[in-house]
Amino acid sequence: MTDTRTKRRMNWNSHHITQGDERAPNRAMLRAVGFEDGDFDKAIIGVAHAQSNITPCNNGLGELADHITGALREGGAMPQVYGTITVSDGISMGTEGMKCSLVSREVIADSIETVSRGQSHDGLIVVGGCDKNMPGAMIGIARLNIPAIFVYGGTIKPGHYQGKDLTIVSVFEAVGAYGAGKMSREDFEQIEKRACPGNGSCGGMYTANTMSSAFEAMGMSLPYSSTMSAVDAEKAVSAADSARALIRLIEQDIRPLDILTKKAFENAITVVMAVGGSTNAVLHLMAIAHACGVDLTLEDFERIRERTPVFCDLKPSGKYVATDLHEVGGIPRVMKMLLKAGLLHGDCLTVTGQTVAENLADVPDQPDPGQDVILPFDQPLYSQGHLAILRGNLAPEGSVAKISGLRQIKITGPARVFDSEEECMAAIMGDQIKAGDVIVIRYEGPKGGPGMREMLSPTSAIIGKGLGDSVGLITDGRFSGGTYGLVVGHVAPEAYVGGPIALVQEGDIIELNAETCELTLHVDDAELERRRAAWVAPEPRYRRGVLAKYARLVGSAARGAVTD
């Protein structure tokens, strides 16, 4: 009787399509894909992956999926492999195609939810690599709420040139430096050729590595898995271990919503602050929280920022990459230091079946001597977190600033207004931007773009031209995890819906103050009302297809830019 109950529990969902005489047609089709008589009582596990040679981030995911399916079969489960999409942020950056990046988060979530719900899967493993794979996967996982685990494809190793580590951001910055005459053609070409040596997601604490770190902190990935190199053997071992962990989750009936609590999100935000992670974490964690039914707000990010130091020296503003962090203890070491300081919730459940504190029991609570990737907790890079929530008459619903790696965290200057990224990029490369300017790029928000493009090309060009500490940039679009400088994104309400950013005119004085968390347009209320009365909403840029549909459905960036 015990064995029967266990088997019934393992196929707790799939028995709807495998059991009984009336399901003979279902079983007939399953036999055609490899099921045999003894398999219909087993758990059927969805293995969703985004294998693609579109991008090095995803080029090795199929191999990891093979390791997962093998481990599932060994554990007595039946894997069903299916694909989902990816859009390369790095390759589409600075082009019309970048409008599809954030859209792909929703497509990934919808596709995972659709397939695993439609096929009555008992559990789910998602293997992802590029930026939107992670939040898209976790949104789908949360909606389904079947036992699940996320497997990160792994980070790329750094490239090397003239004794320096390279990442993809090195190339974006080289564009500005070469355009400004500060770099030779030979150096420019060598940086391009050497920056990406193989498979894996972009190597600094950019968006992919930020989100993988957040997922490990939330308890939805195995310890140490978020900073492994994509090409090292331990990544394949970790993938197989994840499959075995999923089988235990089904046995114990541990669901994602048992793990993804408000406390788990607070742990994720705390780790993102400590490692100097991407602004995109704000948008994505809020969207995942929405899928979980967890009330997560911009105020939660600001509250946690104020108490959390940045003590990992990672790119884009720091020196090291994710594989360097892995070598000195990875996310578990960071979490143990935070736990000791009383900044983490140790009682949160994880996919190991144990709590955060139990997972970290044997992890040292101090950084290793002789390295400076992880600094002592009481000697951090910054005493407070680097992702600040700015409000003011230019962003009544809020905006997100990344304030690490800056000599100054405030600027007041004349607005240089552009209604698209392309217009701004042309001005930067044409040397029309000078120190003290505050660039405004608008109509790039979730609805207005549509798709909320990342502004890595203009921010990198600004840095390449030597203006990174003297020019501000404000946008209703997003920033890449590779962005740093005096930048404020996610300005809400966005221009397309008539937000104050739509009313800014060339030469208006704007004050960006990350110290007081204020974003102020120095124009009196009467003048703003006059401009508002004259403002006319622009025509939609797309009337058919996925971008048109997205623009109709998507909400404010201040609430995660969700579509449901």
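Heads up, the Cβ atoms here are built off N, Cα and C, so glycines get one too.
Annotated in Swiss-Prot:
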- 1-23: region 'Disordered' (REGION)
- 1-10: compositional bias 'Basic residues' (COMPBIAS)
- C57, C130, C202: [2Fe-2S] cluster binding site (BINDING)
- D89, D131, K132, E454: Mg(2+) binding site (BINDING)
- K132: N6-carboxylysine (MOD_RES)
- S480: active site, proton acceptor (ACT_SITE)
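Location within the structure of each feature annotated in Swiss-Prot.
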residue	record	Cβ within 10 Å
C57	[2Fe-2S] cluster binding site	30
D89	Mg(2+) binding site	32
C130	[2Fe-2S] cluster binding site	29
D131	Mg(2+) binding site	33
K132	Mg(2+) binding site	29
C202	[2Fe-2S] cluster binding site	32
E454	Mg(2+) binding site	32
S480	active site, proton acceptor	30
Distance from E454 (Mg(2+) binding site) back to S480 (active site, proton acceptor), taken between C-alpha atoms, in Å: 5
Cβ-centroid neighbours of [2Fe-2S] cluster site C57, C130, C202, 8 Å, sequence order: T55, P56, N58, S88, D89, G90, G129, D131, I156, G200, S201, A208
Cβ-centroid neighbours of Mg(2+) site D89, D131, K132, E454, 8 Å, sequence order: V87, S101, L102, C130, T207, N280, S480
Cα distance (Å, whole number) from C202 ([2Fe-2S] cluster binding site) to D89 (Mg(2+) binding site): 10
C-alpha spacing of D131 (Mg(2+) binding site) relative to C202 ([2Fe-2S] cluster binding site), in angstrom: 9
Between E454 (Mg(2+) binding site) and C130 ([2Fe-2S] cluster binding site): CA-CA distance (Å): 14
Distance [Cα-Cα, Å, rounded] between D131 (Mg(2+) binding site) and C57 ([2Fe-2S] cluster binding site): 9
Rounded Cα separation (Å) that holds between E454 (Mg(2+) binding site) and C57 ([2Fe-2S] cluster binding site): 18
Between K132 (Mg(2+) binding site) and C57 ([2Fe-2S] cluster binding site), the C-alpha gap once rounded to whole angstrom: 11
